[in-house]
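As recorded in TrEMBL, the features of this protein are as follows:
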- C174: active site, glycyl thioester intermediate (ACT_SITE)
- 25-30, D49, 57-60, K73, 118-123: ATP binding site (BINDING)
- C159, C162, C433, C436: Zn(2+) binding site (BINDING)
- 556-571: compositional bias 'Polar residues' (COMPBIAS)
- 611-623: compositional bias 'Acidic residues' (COMPBIAS)
- 11-433: domain 'THIF-type NAD/FAD binding fold' (DOMAIN)
- 443-535: domain 'Ubiquitin/SUMO-activating enzyme ubiquitin-like' (DOMAIN)
Amino acid sequence: MASSATAASSSSEEAVKAAKVLMVGAGGIGCELLKTLALSGFRDIHIIDLDTIEVSNLNRQFLFRQSHVGQSKAHVARDAVLKFRPNINITSYHANVKDAQFNVEFFKQFNVVLNGLDNLDARRHVNRLCLAAEVPLVESGTTGFLGQVTVHVKGKTECYECQPKPVPKSYPVCTITSTPSKFVHCIVWAKELLFAKMFGDKNQDNDLNVRSNESGTSKSDVFERNAGEDLDQYARRIYDHVFGYNIEVALENEETWKNRRRPNPIYIRDTLSEEAIRQNGSSRDSNKEQEEPSAMVSLGLRNPQEIWSLADNSRVFLEALKLFFEKREKEIGNLVFDKDDQLAVEFVTTAANIRASSFGIPLHSLFEAKGVAGNIVHAVATTNAIIAGLIVIEAIKVLHGDYKKYRMTYCLEHPSRKMLLMPIEPFEPNKSCYVCSETPLLLEVNTKTTKLREVIEKIIKNKLGMNLPLVMIGSTLVFEDGEGLEEDEAANYALNIEKVLAELPAPVINGTKLTVEDFQQELSCSINIKHRDEFDEEKEPDGMVLSGWSAPVEKQVTSNGDNQSVASSSGADYADGIGEDISTKPGMKRKLDEILESKENCDASSSAQVVEDDDDDDLVMLDEDPKLAKKKRLQ
């Protein structure tokens, strides 16, 4: 028995030493993982990470120091580990894993791929490359005290996309612009509408009312600063327009407020005296250039966890607006909200609080508002370390090839049957998964009015996650994306994407079959077309409906036991999330307690449900339809 154990140990050690491992992501989990791999005997490790080090990383990404801020995460992590393991080979790439150099052939050289990524799109991309290269993938995620590790092996376990993944919750525009009822609605308004209108791309569509009845405005767009207009006067005019006049306009629609609390218009004269407005920011030291302009520092407010009064919020709002024009005027027109931009967070926090006050919604501190705006659940370094250890354990099992020992392991916040780590057997591949089972999809679309461009952007790229798609109708190639196209080919495809489906060289009508491929991902799928004349604009905003794929579920975050939703942010990747309460929708998510119950491994009071999130160091907890939990586990 002892000799058998010794032989197994020796075999594991040799497998580890001989393995070539790819790590994708060098953030919170990545730092712990690289350290653990090196100390576990792995000798050939490759790391890909696009990001550079930020000050906010330093509290948990322990391989980095203050002097490393601004440098490549992958390169610095490599150098840090080589200092205590100089005899191993670590190759680092400061690059995007979706770059062309990281193709299927690149992935084939590795024995296992370990993910520590920060967005859903990149995770899907790596999943597809691993399937094409037939390389096992170990996925992971943490958020706060919660974490999980899953193993994905082609043909033996489900792939990463066999089950729906959470996406940020979106809110109806009318709720955001007219009838907010939660603080998160005010944050979305301040971030996506007001901040974007004031400091972002002026050519972008925006739902804010830009017209005013004030005789003092000479422009049709009230947000445009008049020639020679004093900055203080401009800031006050913007304040009165968005928090006063626009609310009065909304109140004119009596029908809206029959069953709702009526908001109160707020004008600057109602919150600050003339003297207070004149003195606002006057204590600022004009001779001392701050490295990063801060309205709260200028006004002597030091505690970001304090809930400011309406007056203080108004003061910070005016000061933040003025600082953008005084200190960062060159950036105006190109700014996008960033949770690490102090001045942007101050502007969005105070705008959201003033709006919240108008609608009778409780105010929040800067610290709390930043969490909502940046969708942040603060990371716990210990959870990252635990998950990194579990990743290595599963990687060693993968190297042995004994798939019956693979486990999906969940790190729980509260013990279940005295256990904080809950291992369960992986699931079989989902036979209806279009990624790993090549099941045909069904697209309901009006073929007489919908352009090929809309199908490519809304369905093929957005929903199916293809980067460089090729579209064929029968044997006719109607579109191809990517570099290296002949000039006449590119011109022909440019013409095709502007045509409606029924007018393409090979017409798309009811019953037509599209073949869509992405050579970079080596993914191919078929889409059967069903013509449909009309769609519900609210329920089916794309003007088409795709069936047969794993539709994303609304992302919710559990923090300290409370289910919370997160605000949407168009085009943004989400960091750790926090938000407001929202009831879960049955039939869309995967329920861990049903799985655990079937193993008699969890008591009846357990209510942990875990699904991977799309962020660095995170994971979300969701409810699930018990039907999904009846899938066969891998035997």
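Cβ coordinates are placed from backbone N, Cα and C, and glycine is handled just like the others.
Automatic prediction, not curation, is the source of TrEMBL annotations.
Fewest other C-beta atoms within 10 Å: among the recorded positions C159, C174, that description fits C174. Here the candidates are the recorded positions C159, C174, C433, C436, and by Cα distance the one nearest D49 (ATP binding site) turns out to be C159. The shortest Cα-Cα distance from C159 (Zn(2+) binding site) to any of the recorded positions (G25, G28, D118, D121, C174) is found for D121. Around the Cβ of C162 (Zn(2+) binding site), the number of neighbouring Cβ atoms within 10 Å comes to 22. Of the recorded residues, C174 (active site, glycyl thioester intermediate) and C433 (Zn(2+) binding site) place their C-alpha atoms 35 Å from one another. Each residue in L131, E158, Y160, E161, P429, N430, V435, S437 lies on the same chain as C159, C162, C433, C436 and has a C-beta within 8 Å of the C-beta centroid of that Zn(2+) site, without being one of the site residues. The binding-site residues considered are G28, C436; of these, C436 has the fewest other C-beta atoms within 10 angstroms of its C-beta. A gap of 31 Å separates the Cα atoms of G28 (ATP binding site) and C433 (Zn(2+) binding site). Within the set of binding-site residues G25, N59, D118, D121, the entry lying nearest in space to C436 (Zn(2+) binding site) is D121 (CA atoms). Between N59 (ATP binding site) and C162 (Zn(2+) binding site), the C-alpha separation comes to 35 Å. Cβ packing within 10 Å was compared across the binding-site residues D49, N59, D118, D121, C433, and the lowest neighbour count falls to N59. With respect to C162 (Zn(2+) binding site), the closest of these binding-site residues in Cα terms is D121, chosen from G25, D118, D121.
A sphere of 10 angstroms centred on the C-beta of G25 (ATP binding site) encloses 29 other C-beta atoms. Between C433 (Zn(2+) binding site) and D121 (ATP binding site), the C-alpha separation comes to 17 Å.
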